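> Here you go, one structure.
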Amino acid sequence: MSETTDYGASNTGANEESLRMVSSQPIGNEPVSDEELRPHVLGGFIGQPRLKAQLQLFLDAARKRDVPPDHILLAGPPGLGKTTLAMIVANELEVPIRVTSGPAVQHAGDLASILSSLDVGEVLFIDEIHRLPRAAEELLYIAMEDFRVDVMVGKGPGASSIPLTLPRFTVIGATTREGMLPSPLRARFGFTAHLDFYPHEELEKLIERSANVLGVNLDTGSAHELALRSRGTPRIANRLLRRVRDWAIVHDLIVVRPDDVKEALALYQIDSEGLDRLDIAVLNAIVRNFNGGPVGLNNLAAMVGEESETVETVCEPYLVREGFMIRTPKGRVATEKAWQHLGITPKDDVSKLF
């Protein structure tokens, strides 16, 4: 197994999002990827079959050529396994991995210090790489392309730049916002992998694997109930599984049945669609208070007692993706699916909108 060095990697995200059970960001001190649940080889990584096939070919070719692989960019929503894949790459290559994050790199010198300490073949994993300072990005361009960093010696007019040659290494960058990466930085990655949300079937397999690791005896159908509520995101699935495990321990359950899953997660106000209290409050406001919409973002946020940014960035992406809401030039509109989920008969003109 590869050696891991952590240079201030941080778990960041909106404060409001980090308090939700269905958040794709880590909650509190929750690790980005639990060591006990993390697979260490590509064959043990569940889901993302096309990406795995591409990555396997990429790594096999590097091993046969006996050179470190090209730099890798992992892009996709939070909680889908980007950090886990970075660890797997290092394990597959049997090399150490250094871990840092964009927010942890305050100055270009911080990054230069890390780069200058790398050995041949090492992996440098930069989480949230889109949040690197501009000066650090520019330093990284040269390091990734030419395997050198320019060290400034002296100050003022007499300052000079001395090139420091670096051993060949591999950068793995992870980002939830690929569009924020400057084109010169994106161009230096030889392989870009896009992670997608998981279908229920793959999430069920992941939940069953995690349950075995955690010692949770799930009855037939229990993994399915968990998958329905996990928003296509492994991090959420594992978090909800832990809460169900707590329920089973407190209630002395030997086998966790589907009804136990429903009851345990109902305690946290998580329904069968993965919607929580805030999601339901938003839908209720649109449907009950604004007759289905359209309603402006500020009015909607005021109705549910949240900041506009919270509603827009925390709630809306999932509600839109799952077809409960649409954004129109006039405002937010609840779909027929939203009315039905709330148990309210849609008004006559709702179905005509879609």
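Glycine is no exception: its Cβ is also placed from the backbone N, Cα and C atoms.
Per Swiss-Prot, the feature region 'Large ATPase domain (RuvB-L)' maps to 4-198; the stated evidence is sequence analysis. As annotated by Swiss-Prot, ATP binding site applies to LEU37, ARG38, GLY79, LYS82, THR83, THR84, GLU145, ASP146, PHE147, ARG188, TYR198, ARG235, with the evidence given as sequence analysis. Feature annotation from Swiss-Prot assigns Mg(2+) binding site to THR83; the stated evidence is sequence analysis. The region 'Small ATPAse domain (RuvB-S)' annotation in Swiss-Prot covers 199-269. Taken from Swiss-Prot, the feature region 'Head domain (RuvB-H)' covers 272-354. According to Swiss-Prot, the DNA binding site annotation covers ARG327, ARG332.
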> Need the DSSP three-state call for ARG332 (DNA binding site) to compare against my parser.
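For ARG332 (DNA binding site) - judged by DSSP and reduced to three states - the answer is strand.
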> Could you give the number of helix, strand and coil residues in the region 'Small ATPAse domain (RuvB-S)' (199-269) as assigned by DSSP?
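When I sort the residues of the region 'Small ATPAse domain (RuvB-S)' (199-269) into the three classes, I find 48 helix, 2 strand, 21 coil.
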> At a 10 Å cut-off from the C-beta of LEU37 (ATP binding site), count the other C-beta atoms across all protein chains.
18
> Hey, what's the Cβ neighbour count for THR83 (ATP binding site) at 10 Å?
23
> If you measure every Cα to Cα distance among LEU37, ARG38, GLY79, LYS82, THR83, THR84, GLU145, ASP146, PHE147, ARG188, TYR198, ARG235, the residues said to bind ATP, what is the biggest one in Å?
37
> Taking the Cβ of GLU145 (ATP binding site) as centre, how many other Cβ atoms lie within 10 Å?
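So the number of other Cβ atoms within 10 Å of GLU145 (ATP binding site) is 12.
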> Say we define neighbours as other CB atoms within 10 Å of the CB. Which of the binding-site residues ARG327, ARG332 has the fewest?
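Ranked by other Cβ atoms within 10 Å, the binding-site residues ARG327, ARG332 bottom out at ARG327.
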> For the binding-site residues listed here (PHE147, TYR198), which one has the lowest count of neighbouring CB atoms within 10 Å of its own CB?
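Per-residue Cβ counts within 10 Å for the binding-site residues PHE147, TYR198 bottom out at PHE147.
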> Tell me, how many other CB atoms lie within 10 A of the CB of GLY79 (ATP binding site), whichever protein chain they belong to?
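I count 27 other Cβ atoms within 10 Å of it.
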